[in-house]
Amino acid sequence: MMQFSSQAAPPQHPLLKPKPNNIHGLFLDPSSPNNLLHNRSTRPWPGSFPTSSKTLGSFNTAGCMEQLLAHCASAVEANDATLAQQLLWVLNNIAPPEGDSNQRLTSAFLCALISRASKSGSCKILASAAGDLAATNSSLSDALHRFSAVELASFVDLTPWHRFGYSAANAAIVEVSEGFSTIHVVDLSTTHCMQMPTLIDALSNRPEGPPILRLTAVSLTDETLPPPLLDMPYEELGARLVNFARSRNVPMEFRVIHSSPADGFSDVLDQLRVQQLVSDGEALVVNCQMMLHCIPDETAGAVASSVGITPSISLRSMFLKALRSLEPVLVTIVDEDADFTSPDVVTRLRSAFNYLWIPYDTVDTFLPRGSEQRKWYEAGISWKIENVIAQEGLQRLERLESKGRWGQRMRNAGFRALGFGEEAVAEVKGMLDEHSAGWGLKREEEDLVLTWKGHNVVFATAWVP
């Protein structure tokens, strides 16, 4: 368990309520004779539109929903307002936001597609609703709960999604720290140092005695921050961690570096280079927990150009090569095993749909319907979907890459994989025993992978120069 001494989910978008008799409504009943747009001689949706709940139910499968969403995204990108409107009408009727896991997943993608159309203006009839959409996006932002440290510690303990990476990384850090009197951990994490209490506990039990722990936390400077959000300054969080470490007889120093993924965390690298000149005998560990994918990838040439980088150069690879020059004793990378880097929104939609069903599927095993924590949890997933589908440029932070691609980047930067020992595996398995039977663990070469019902979810890798 982590140790430290509410709001409603976003409502269904008002534009998604069908208005069969209003020609200015966005979602006109496709079967209505009054629907002038439907009766126009433009490309119709294949076959006649279903109008009864029984017929609509035939579309209520994950495969059909994915196909409908992909066709809708294509229509929006092609500025085909008629087809987009028809598909959105069907999706709205088969995917209520309070439905089963597939319906809730589809509903979140539906809202993200409307948001994209409004932002890009590619589909004029949808973009005309920008004012109402702003209210919906505001509701989504409001639904993102700001956690206290105690709330967040309890929240991440609900599922192995983050605990898996904590356990694997901690085991690797403790192993490489043997023989060092001072360990400097640079924490690049989206969960605001929630891993650190368990690491402090592990270091306090080191046979040769606890080392001095110097913790550098990286705080994002961008206005668009990925959830979960922390409702306290990092300085206060650091003070609590120092007090906790003192109670475990671990001498600890804490500092914060405010930096941005948009330029490859250049502020972090600059400060580490300066510090390296005055530090002697400490073990530098860079702990990357689901934050590196926020660095723009090389497929987004426009993003690279906007920050003054030649589009052909990968900011991610530049960051990793800069890390290698600092000679860390260990770099851990924990992230979600999916690929959201395509510049094509339809490809991203399919990838995201075939990955993000997992958090919707797992939630029933640990949070009851209607609970406050469940609303917080699903609001976070909705934010991720909206970011993948509706955002571009520097605002699109959710640019996941697969484990294999990150491994290739690390090897190209001059790192070699460090396998996880039996103690690390036992630690992870013990943690998984506290959760639903659907979770599993597998080895892939030197790496560990968290699975749900056999599907890869999160990977953990450890690297040395």
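Note that Cβ sites are derived from N, Cα and C of the backbone, with glycine treated the same way.
All TrEMBL annotations are machine predictions without curation.
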When TrEMBL marks a stretch as region 'Leucine repeat II (LRII)', which of 38-70, 236-268 is it?
236-268
Which one of these stretches, 183-187, 228-232, 363-367, 413-417, shows up in TrEMBL as motif 'VHIID'?
183-187
Same chain only, please: residues at least 6 beyond the ends of the region 'Leucine repeat II (LRII)' (236-268) with a C-beta under 8 Å from a C-beta of the stretch. Say none if there are none.
3-5, 149, 186, 188, 192-193, 196-197, 200-201, 203-204, 210-222, 230, 291, 294-296, 303, 307, 309, 315-316, 318-319, 322, 394, 397
Which value does the mean pLDDT take for the motif 'VHIID' (183-187) in this predicted structure?
98
By DSSP, how many residues in the region 'SAW' (390-464) are helix, how many strand, and how many coil?
25 helix, 24 strand, 26 coil
